[in-house]
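K.L.:
Here you go, one structure.
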Amino acid sequence: MDTLAGLYRSNTKVWIPDPDEVWRSAEIIKDYKEGDKSLHLKLEDETLYEYPVDQGNKLPFLRNPDILVGENDLTALSYLHEPAVLHSLKVRFLESNHIYTYCGIVLVAINPYEQMPIYDQDVIYAYRDQNTGDMDPHIFAVAEEAYKQMARDEKNQSIIVSGESGAGKTVSAKHAMHFFATVGGSASETNIEAKVLASNPIMEAIGNAKTTRNDNSSRFGKYIQIGFDKRSRITGANMRTYLLEKSRVVFQAEAERNYHIFYQLCASASLPDFKDLGLTCAEDFFYTSQGDNTSIDGVDDADDFEKTRHAFTLLGVKESHQTTIFRIIAAILHLGNVEIQVEEDGDACSISSEDEHLNKFCSLLGVECSQMQHWLCHYKLVTMAETYVKSMSVQQVVNARNALAKHIYAQLFSWIVQHVNKAMHTTVKQHSFIGVLDIYGFETFEVNSFEQFCINYANEKLQQQFNLHVFKLEQEEYMKEGIPWTLIDFCDNQPCIDLIEMKLGILDLLDEECKVPKGTDQNWAQKLYDQHASSQHFQKPRMSNASFIILHFTDKVEYQSEGFLEKNRDTVYEEQINILKTSKYQMVADLFQDEKDAAPTTSMGKGTSKISVRSARPVVKAANKEHKKMVGHQFRNSLHLLMETLNATTPHYVRCIKPNDEKLPFKFDPVRVVQQLRACGVLETIHISAAGFPSRWSYHDFFNRYRVLMKERDLSKNDKKQMCQTLLEDLITDPDKFQFGRTKIFFRAGQVAYLEKLRAVKFRAATITIQKTVRGWLQRVKYKRLRQAAIVIQCYTRGHLARRLAEHLRRMRAAFIFQKQYRMLQILRAFQRVPTATITMQAFARGMFVRRIYHKILAEHEATILQKYTRGWLARTCFCRVRDARQELKALKIEACSAQHLKKLNIGMENKVNKEYKLLNEQLSTLMSSYSSEVEKLKKELAQYQQSQWGDSSQLVSLQEEVGHLQLKLEKANSERKVMEDSYIKEQDLLRRLISDLEEENALLKQEKEELDSSILCQSEDEYARNTVEENIQMRKELEEERSRYQNLVKEYSALEQRYDQPGHRRNSSNQSSLESDSNYPSVSTSETADAEDRTQQVQVQSMGHAQGEVESPRQELESENRKLKNELDELRKAIADQAIQNDSSSDIEDNYNLLLNQLKSANEELEVRKEEVLILRAQIMKTAQQKEMATNLVTERVMDFAEDWGYLNEDGELGLAYQGLKQVARLLEMQLQDQRREHEQEVEALKNQVDVMKEEQEKQQQAFLQTLERLPEAQVEFGLQQEITRLTNENLVLKELLEKLEKNEKKLRKQLKFHLKKVRDFEATQAIVPMRGRRWREHNVQVAVQRKEKDFQGMLECYNEDEPLLIQNLVTDLKPEAVSATVPCLPAYILYMCIRHADYISDEQKVHSLLTSTMNGIKKVLKKNNNDFQMTSFWLANTCRLLHCLKQYSGDAGFMTQNTPKQNEHCLKNFDLSEYCQVLSHLSVQIYQQLIKISEGILQPMIVSAVLENESIQGLSGIKPMGYRNRSSSMPDGDSSYSLDEIIHQLNTFHSIMCDQGLDPEVVQQVFKQLFYMINAVALNNLLLRKDVCSWSTGMQLRFNISQLEEWLHGKNLQQSGAAQTLDPLIQAAQLLQLKKKTSEDAEAICSLCTSLTTQQIVKILNLYTPVNEFEERVTVAFIRDIQKHLQERNDPPQLLLDFKHIFPVLFPFNPSSITMDSIHIPASLNLEFLKKV
């Protein structure tokens, strides 16, 4: 059977013609065989129909499989023909609400007649950088392809938008320009993209009008060139206009309006600016009321007028020019209302001079009213001999008036276009451009005139260019793939174009007839009949001699020749134009200047494209007798220029379709749509594609789709290309039906459908086998389940009966046992009751007798205790009296000895001391007088300098006043300082009170301690008895310890004795005598100086004797006390031994215990007293040794000066000792004198420094005074104030430093007070626990030494001012994160804080400000330089946050210091409040965070779609569908840019490790990943909402698996609390929505309850996009979608469809204190910071 006949088999669907729906679907119910004359069909309404198949009718078109219907690209259809295209557009438009569809290189846009939420900024960014075939069809996709090709290929682009009036051309062009303005930005600060968009409301106001087909119809064509530089940024724009419909100014058909600007101006007539225009409502003017409909539903003309005025202002049109424009428009309205009066003869007419509208017209245009009144009714006729002025008829006057109105409006339109171009022009060099052509589509009406002729002529030219471009692309594709190229037959419209524009064509004949003086439309039509009767594209109507027919490429159109000549001439009387030229308004006069007089049009400047930029419609000249170009000729020239531009660019086509004439939303009229598809060239594209190989598959996709048809032996091959070739050769016998290219397989029309049919058959057979096997398995499982259930029931029944019998037997046996045991228990209890009573009676009797004996013994014991305590008290009282008497006697002895000694030393020395003292006083007074004279002299010099400084007091009066004012401020500051000092004193008083309170608390604690001791003594007697032996053993140990300590003390004392017991003469009291007279010393011979050393030794021995004598008596007392202590210890040992023997009676044990306790206490007290005395003796001995060394030095120094005095010294050395004391006094006085001299010299030096400073200040003030004199008076005062403020600021800084020193002293005193309080507490604790005293004393000393060692480095770094740039360079600008990777995280932040802390410590506010400012500027510089480096940005975000935390942690604010250690509190700032800098650092952190997010998003965003939506994580799950032309578009990159999910996870791991290693706060890390996961969710969901090919069940499964991988990653990194997983909820719900059932109402309810994070529009959009991959899946019905919308009506979801993937969550930087102390930080040498000094 023939292959073609084999396709027409039973159950195959076809298309048959239908008069109402154009094409209708039917199903073949009987196989077609070759030679059959009819085809048996069944229509959709079950009606049987026989379709005749004979020589006149061909076989009907085959219908595509349902899986291919509704594809994004019509060229993906297997069968390419008109009904397939129409059906696919209808399904997409009505069922899926998709208004855009690709048809090869053409974008078909159907007007929905309602607002669609698909043009937001988010949609623009979603289509940015995307391949055209990857996303759903959209005008933004075409614009992106043009923009990408321009940037990549550096070639100019054009977007050609065409269609009928009302099809949406203007809106589509506007959206394209909006896309370019958004993605292109501006190359300068001129905001040119806003100006390009602002031109739209202006051009719509002056060039758009309401027609019967469209409320905002463009009545002119325009071509906008948007220029770009080399970086693809907008540099400027230029607009060309074509064929403005001027006739609309004076005439409107029924239900139509004039141009919008007239109605906008009338709606705003009540504004104060327009009172003088004389306007009222639009119904009052003839030119705006002819259509009987002056308003548009839903349009506010007044509001639109405000937008128009704002656009004029934005484009730089002056207010005066705007006013003139509105005056001209108002004048046109008044001109239309001028009343024309007919004269009596009827051949002439006139206009009244009192006509209100005429006067207003002339006043608005600034022309003479009488002249205009005359020349509106007359015209001038010039002959060879003379000139005549003739009157005009009424019709001529009306025509002249209308012609003048049209001419004025046309000139104004051209002027506005010229100024719009001037506003959009910039001086930036243009590298390339993208042109947007918004031109009228093919038009055909009942009456077609000159305008329709020009429009259809332009469409013929555009269609020819379109055909050639499509043909060229097909040829390039075939040549690229190596497919043999064969010529394709397509409809060429060149003959029709030649008919119009060739020599003696329609336009030439029209111009020739216009030149004839009395040419008429009928004569021109007759010439057309004569010239072109033989042409194939020209016909003469049978019933008319005034019309002609042209066969265009779409349809034949009949044109009425009436009015062609008048419209082509565009006649305006010269006299009227001359009157307008004389207008008093310059702008009005300039509108009507001749071209030779007019200023040249502004060009785009140097560097523009090769295509010259100028208005396509030249300025119209005034009518005169000279030759001028006709309108048709001008239009042909501008059209040729347009075609040259388009041919020099890469074109992109947008065909706008009007779905119905009623302008109803989403209503599809097949008849109207087919007409437009034929007219706009879409079907021609289908024809060209179908003529070749329309279906194209890559080898990889073909293998994945059709490998089920391959045999097992073929699948074993490794070469996919060879396997595909083998399969096709087996399945398709005709080799002409397919071709193998280099990368693709090419198929003829219908072959893919045939392969799909074979694939469906294979799947159907496999499905049946699977169903059969599964059903059998289910039945077997059901049988086994029933059998097993029966067995289980029987088993449980039998078991139940057996258990019931066993239970009965068990209960009978239990009853017998209960009876036996109960009877036995009764008898046993009766027997046991008798002996129990007997025993109880005996126990009570015996107890009574024992208690009586016990009470007697207890009374005797208490009497013994009372006697014991009384005797002990008497003994202790006697002992205390004896001890006090001994201590008092010892104190009296010491006092007597010391007083006697002092008297003996001082006798005879007073006179000598007084004499020396007087001599020294005289020397001191002479020095003081000389120094005071020098001071007075210096003060006089200082006064002279001050007088010279203030000599010019007359010129500095104003400055002195300002100084006085500032001094008042200084006094105020001093008073404030005094207040602070008072507060300081108060704080000191408060501290004293606190000390007293602490002392009282100490007393209370002592009292409590004593009470506790007494309570310990009052413990129970039984406890004493039990613990006596253990306590005795413990006391023995303590006594042994005390014995060892006592022995150590004895050893130390003996060592001291050995140290000071040296041989020598010991003096007694009789050898000591005083010197009665020591005023004169006899001289000594020099021969006796040799004995000085011996006598010096004698003095030393004498001093040692004195010290030894002082130590002698206390030592003897200590020895006696030691002997007493030994005796007491022996007594204690005996007492303990006696207690160990006598343990029989409890009363003796208690007495002995108390005696031992008292004796031990007294021994401890005595031991403490002796220890303190030993310590005092040690101190005295050390002091004596120091005095001895000083005396030795003094004697050695002065021995030569006083050698002659030594001869008269006594042998005992008393005079030497007296001399030593005298010299000590003299040296002391000499030291005081030196101190006074030093202080005097310091004062003199300070005064000299002050004089130098005053000199410098005087020089500076003189220079400032000279500079002030050179300034203006106001500047002088300001400069003087600045100088004085500077001086006072310096003084304030000095005062601040003084205040800071006082505060430091206060803090130092507080620390000392705390230290002493601590020592007091330690001492009290030592007193409480005596045995631990020595050890604690040593520990305390060790602790103090450790603290002193730690204070060596206080955690501050000093940086000199000249080293600050080097610090910023080494630590910020040149630092690499790797350099500090092995150190403490955020090391630069800690170093910077230590430098800031030192500046705060020295109270240098300028240095603090400089450090912080330089740091922040350096960080900004580094981030600007590394704006794409994630590691560097993360590093500085971590350091900036850490520096911010440090400033807070050490700010001194209690709220930030709760977690600080005492050591960290010492590192707090003391002088400055840096809260403002904290705010600035917080802002900087936010900026760095945003840059970090931007960098990470830039890295992740290209991966998201490929990895999350397209990557096959589950192999073999997704299916491949046929692709269209757009998937092989030239905008696609050549390389493979696919990513896997593992790459995203690897990148996330990289981000996480970098941030964690650099010490970024965990809270910030969580916020970063929350933002990144939100971006992943938004980008993936937006792409899902804009792509039909990924909305399938298999994609939902892949998507859910990929999301689970991301969730597992979050769990593995402990980021569950970050909220990142919650941001994926919309994407998760979208994946679930793709997988859920979508049939019943219950499914709809489940979807609504599940998809809570998706908006209604998103849910509906996904359901509309849902596409079955296999024919076994079902599409989502329209009824189900309506049901979903009904369930979701109560939701108040935002109208936004896409998520804003650029949205950034507000970032928070929670306070995170550091546990690191500043003094523990080590600075590595690799940072090159040696110039920093540790403090």
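The backbone N, Cα and C atoms fix where each Cβ goes, and this holds for glycine too.
According to TrEMBL, the feature ATP binding site maps to Gly163, Glu164, Ser165, Gly166, Ala167, Gly168, Lys169, Thr170. Summarising the annotation, TrEMBL assigns compositional bias 'Low complexity' to 1069-1080. Marked as compositional bias 'Basic and acidic residues' by TrEMBL: 1112-1122. Summarising the annotation, TrEMBL assigns domain 'Dilute' to 1413-1690. Residues annotated as region 'Actin-binding' in TrEMBL: 639-661.
Each of these features: where is it, how hidden is it, and who are its neighbours?
P.N.:
Per-residue confidence over the domain 'Dilute' (1413-1690) averages out at a pLDDT of 85.
Same-chain neighbours of the region 'Actin-binding' (639-661): 89, 93, 103, 105-113, 139, 142, 145-146, 149, 153, 155-164, 166-169, 172, 176, 213, 223, 240, 242, 435, 437, 441, 457-458, 461-462, 465-466, 469, 610-611, 616, 667-669, 672-673, 676-677, 680-682, counting only residues six or more beyond its ends whose CB sits under 8 Å from a CB of the stretch.
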K.L.:
Around the Cβ of Gly166 (ATP binding site), how many other Cβ atoms lie within 10 Å? Please give the count over every shown protein chain.
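P.N.:
By my count, 21.
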K.L.:
Specify all same-chain residues, apart from the site residues Gly163, Glu164, Ser165, Gly166, Ala167, Gly168, Lys169, Thr170, whose Cβ lies within 8 angstroms of the center of the Cβ atoms of the ATP site, ordered by sequence.
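P.N.:
So the additional residues around the site are Asn111, Asn214, Ser217, Ser218, Gly441, Cys656, Lys658.
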K.L.:
Sort the residues of the region 'Actin-binding' (639-661) into helix, strand and coil with DSSP and give the three counts.
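P.N.:
Breakdown, helix to coil: 9 helix, 8 strand, 6 coil.
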K.L.:
Hey, what's the Cβ neighbour count for Ala167 (ATP binding site) at 10 Å?
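P.N.:
25, counting other Cβ atoms within 10 Å of Ala167 (ATP binding site).
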K.L.:
Relative to the Cβ position of Gly168 (ATP binding site), how many further Cβ atoms are located within 10 Å?
P.N.:
25
K.L.:
When you measure from the Cβ of Ser165 (ATP binding site), how many other Cβ atoms are you left with inside 10 Å?
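P.N.:
For Ser165 (ATP binding site), the count of other Cβ atoms within 10 Å is 20.
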K.L.:
Non-local Cβ contacts of Gly163 (ATP binding site) (under 8 Å, 6 or more apart, same chain)?
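P.N.:
Looking at Cβ-Cβ distances below 8 Å from Gly163 (ATP binding site), excluding near sequence neighbours, one finds Ala109, Lys169, Gly441, Arg655, Cys656, Ile657, Lys658, Gln676, Cys680.
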